[in-house]
């Protein structure tokens, strides 16, 4: 019954996103809300200049509609939905400043960081104070290897600090991954399948509906976002997806699994950090360009090949992680 309801939610969300895209994309084109492509990026990206952005609205709308239709109003689901939408709103403001008000850098870095920290606190405090979330992390594979689940106790201070770091870190990591047509949406679609599986195992019906609804919305969005993309998700979508991924982990005590299922996000972020540090110290670059997907682009990989390989890596990590629950 729960699985049937979840699959139905996925289909509803898919069709809402499909219809939403048909309405939103022409409207964005009419308003000339198009992405400005950086000249220092891969040269073949220059032809994408003017492609509508803020497309994250498509799958966020389908998510909200589906959650309401299926009345997934339990406290955990609502807290995750609110946090996801708050991050999406922050991304929307950033996109709006960039493409509508023509402020190239959008929100200032400190403004964006402050908003992310505050919204992360909303989820963290809500989970601990109102949902009875403990300050421990489930240790992956402990049930499989030791016969019983084991947890790593962090204590209040470290738990809050670590959770905020995870929320902010993954919001920005997912944002970094959004640099190739269909990449971020494809990888996150597969990551969400892990959290759907986790929610089902924990009998969290609301979170299960949320995960399937977001998956359906992403499939619908991919119809327009696959190469060659007719729309980009923008920070509106990528920050929201990052918050959803990290928020799911916090609410299901699976934070450590993010290193596995979110491997692509982690590697993309590390490639940027390594590139900056090595260049500042030696004046040389480790990668042709960072994040990592741009390195592969400049190495001759097509966008479709990058999406396929990164998605397969994510799928493998999700399958492995399933045994660790």
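Count begins at 1; order follows the chain as displayed.
Each Cβ is built from the backbone N, Cα and C atoms, and glycine gets one as well.
Lifted from Swiss-Prot, the feature list:
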TRANSMEM  9-29  transmembrane segment
TRANSMEM  53-73  transmembrane segment
TRANSMEM  77-97  transmembrane segment
TRANSMEM  112-132  transmembrane segment
TRANSMEM  154-174  transmembrane segment
TRANSMEM  182-202  transmembrane segment
TRANSMEM  204-224  transmembrane segment
TRANSMEM  231-251  transmembrane segment
TRANSMEM  257-277  transmembrane segment
TRANSMEM  305-325  transmembrane segment
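Contact between the transmembrane segment (53-73) and the transmembrane segment (231-251) is supported: at least 3 Cβ pairs lie under 8 Å, counting only residues 6 or more apart in sequence. Between the transmembrane segment (182-202) and the stretches 154-174, 231-251, 257-277, Cβ pairs under 8 Å are most numerous for 231-251. Long-range contacts of the transmembrane segment (204-224) within its own chain (CB-CB distance under 8 A, at least 6 residues past either end) are made by residues 2, 5-7, 9-18, 20-21, 25, 55, 58-63, 66-67, 70, 72-74, 76-77, 80-81, 182, 185-186, 188-189, 192-193, 195-196, 230-231, 233, 237, 244, 248, 251-252. Here the transmembrane segment (77-97) does not touch the transmembrane segment (305-325). Their Cβ atoms form fewer than 3 pairs under 8 Å, with each pair 6 or more residues apart. Below 8 A, the CB atoms of the transmembrane segment (231-251) and the transmembrane segment (305-325) form no more than two pairs separated by six or more positions in the chain, fewer than 3 in all. Counting residues 6+ beyond its ends, the transmembrane segment (154-174) has Cβ neighbours under 8 Å at 87, 113, 116-117, 119-121, 123-124, 128, 135-137, 184, 188, 238-239, 241-243, 245-247, 249-250, 255, 258, 262, 265-266, 268-269 in the same chain. With a cut-off of 8 Å between Cβ atoms, the residues of this chain six or more beyond the transmembrane segment (9-29) that come close are 52-55, 57-59, 61-63, 65-66, 69-70, 209, 212-221, 223-224, 230-231. Under 8 Å from some Cβ of the transmembrane segment (257-277) lie the Cβ atoms of residues 140, 166, 169-170, 172-174, 176-177, 187, 191, 194, 242, 245-246, 249, 285-287, 290-293, 295, 310, 313-314, 317-318, 320-321, 324, all in the same chain and six or more residues away from its ends.
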